[in-house]
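Novice: Before we start, here is the structure in question, set down as structure tokens.
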Amino acid sequence: MCGIVAAVTQRNIIDFLLEGIKKLEYRGYDSSGLAIINKNQNIVRIRCVGRVNKLLKKVKKKKLFSNIGLAHTRWATHGQVSEKNTHPHISSHIAVVHNGVIENNTKLRHFLEKKGYIFYSDTDTEVIAHLLHWEQTKTGESLVEVIQRSKMKLNGNYSMVVMDAYNSSRLIAVRSGSPLVIGLGIKENFIASDQIALLNITKRFIYLEEGDTAIVETKKINIFNKNNLIIKRKEITSNVKYKSINKGKYKHYMEKEIYEQPISIQNTLNNRIKKDTINFSELGDREKKFFLNAEHIQIVACGTSYHAAMVSRYWFESLANIPCDVEIASEFSSRKLAVRKKSVFITLSQSGETADTLAALRISKKLGYLGSLTICNMKGSSLVQESDCYLLTKAGIEIGVASTKSFTTQLTVLLMLIAKITKLKKQKNNIEKKIAQILSLLPSKVEAILKKNTLIKTLANQLCNKKNILFLGRGDQYPIAMEGALKLKEISYIHAEAYPSGELKHGPLALIDKNIPVIITAPKNSLLEKTKKNIKEICARGGIIYVFSDQEIDLEKNMTIIKIPYVEEIIAPILYIIPLQLLAYYIALSKGKNIDQPRHLAKSVTVE
């Protein structure tokens, strides 16, 4: 969602600020702005609605120079999309950019209005700026002291960076539920909501932890924890290559990321599968501590990660013989919970910053779970920091809003984990060896399916003008149908629904006619014959069917079969999503949609 970039240096930082927020465009935004302190110690602010390129043109006309500044991309939560609501927000000598939501902003706004403050925007961010100014005027304290005290009055999950025209040598950063990272330079330092914004200038980072306040200057950084005690945070060296965030030969990031899946899966397997055994060095003794005694698994996630969790439920129960419940994170947090005995709490998230999932994790800590594990793509993320242990997917940077390689690498990690647990609990002989061997071949099998792209392009041309599409799947293919429908909705804006094939007669069959195509995934498994019956039911009612299968299926009228290379049943969910990703991509491409930044959506949803 919103993006923050800030810098304090000994050189002009205007170009850096603009380049930084441009790198954060993938997170989703509707407006952007920046503020700097000029040579007269005044704050200069420039804002606009629309793309960062529009802001760039406005800034270039001003010919600004400054050693300190902050910039922001806004995704509207409080107040409509307008220049007046665009960050940064100013109160006298104080400028603020902010991610997240201040839940008690209305109460604070009324308080400040009574004190004589005039609001020019509808945002909760302007409330922060005026509150800091009021507190400093009242007490005469330094801005750092004011921020440390004032943050206790701000309810909600947020992060902010504050700039003071009366002290132009430093920036102040606060993390309270929303991520911030400090980039370390030589006689210069940087702040961002995502390391991607900083990768072209540094590989050295410090991730602020919950409740931290940081004073960032050119030559030093002081960090205070939630108790306002000075503390040293660990420095991390990123191994992410800057060139990996370029599209290269591909038209869109989503296309690039679909075709990166063989290498992303291979990276996820590397150093974890050796001589037909699976090893997670990250877990250490927690592997036995959590899972040997586990009698239940509770997984929470959102969006694509939720669909990966849904697939894993079938694996947990059929392989490890452990009951598994999967719930959407926002729903988990919204009800009174009855926790099973000896249950392990697992979260899935690409970014590790999904607000709903973080909220669920924080609630779980009070409920008596054996422990918490997160499966995540970002090592320094909040979920990684706040969980008892973590497993990284190693998918690499994913920029397209519609997740692709994070889904298949999540499933890869989950299947390895379940194989380890199955062996640990002595449920099935040789299951670890079998799955290790199958997964070792997975990257090449993904490559084989990607070679079907010409067929899928043709299919996309047939479907691109449809208003509604129905996806069906049985067993562990039902979550794949859900993910296929989600991908199509996200980037093509075609209405798509997914149902278990067995539910067809319980309502969805009423929708079947020649205008609603039905897409079915039908790998060889024990449910294939039942799926064939569903196909006949649809054809008998004049439906149009497209079947992805590795088996020969008798052709019916108005039926198209897209042949998929044979795959082992256990990894069919990982492989059958690939053609559905391609299908969604090529349909959106033919419709001319903004594939990497679909309307109203953000890559990392950091507000509840």
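Start at 1 and count along the chain as shown; that gives each residue its number.
Glycine is no exception: its Cβ is also placed from the backbone N, Cα and C atoms.
Worth saying up front: this structure is predicted, and the values here are computed from it rather than measured.
Swiss-Prot feature annotations, pasted as is:
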ACT_SITE  CYS2  active site, nucleophile
ACT_SITE  LYS603  active site, for Fru-6P isomerization activity
DOMAIN    2-219  domain 'Glutamine amidotransferase type-2'
DOMAIN    287-427  domain 'SIS 1'
DOMAIN    459-598  domain 'SIS 2'
Novice: Over the span of the domain 'Glutamine amidotransferase type-2' (2-219), how high is the average pLDDT in this prediction?
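Specialist: Taking every residue in the domain 'Glutamine amidotransferase type-2' (2-219) and averaging pLDDT yields 94.
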Novice: Tally every other Cβ atom lying within 10 Å of the Cβ atom of CYS2 (active site, nucleophile).
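Specialist: Excluding its own Cβ, CYS2 (active site, nucleophile) sees 28 Cβ atoms within 10 Å.
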Novice: Of the residues in the domain 'SIS 1' (287-427), how many are helix, strand and coil by DSSP?
Specialist: 60 helix, 28 strand, 53 coil
Novice: Would you mind splitting the domain 'SIS 2' (459-598) into helix, strand and coil residue counts from DSSP?
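Specialist: Tallied per class, the domain 'SIS 2' (459-598) gives 68 helix, 28 strand, 44 coil.
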Novice: With every protein chain in view, what's the tally of Cβ atoms within 10 Å of the Cβ of LYS603 (active site, for Fru-6P isomerization activity), excluding that atom itself?
Specialist: 24
Novice: Can you tell me the CA-to-CA distance separating LYS603 (active site, for Fru-6P isomerization activity) and the residue listed as 'active site, nucleophile', as a whole number of Å?
Specialist: 10
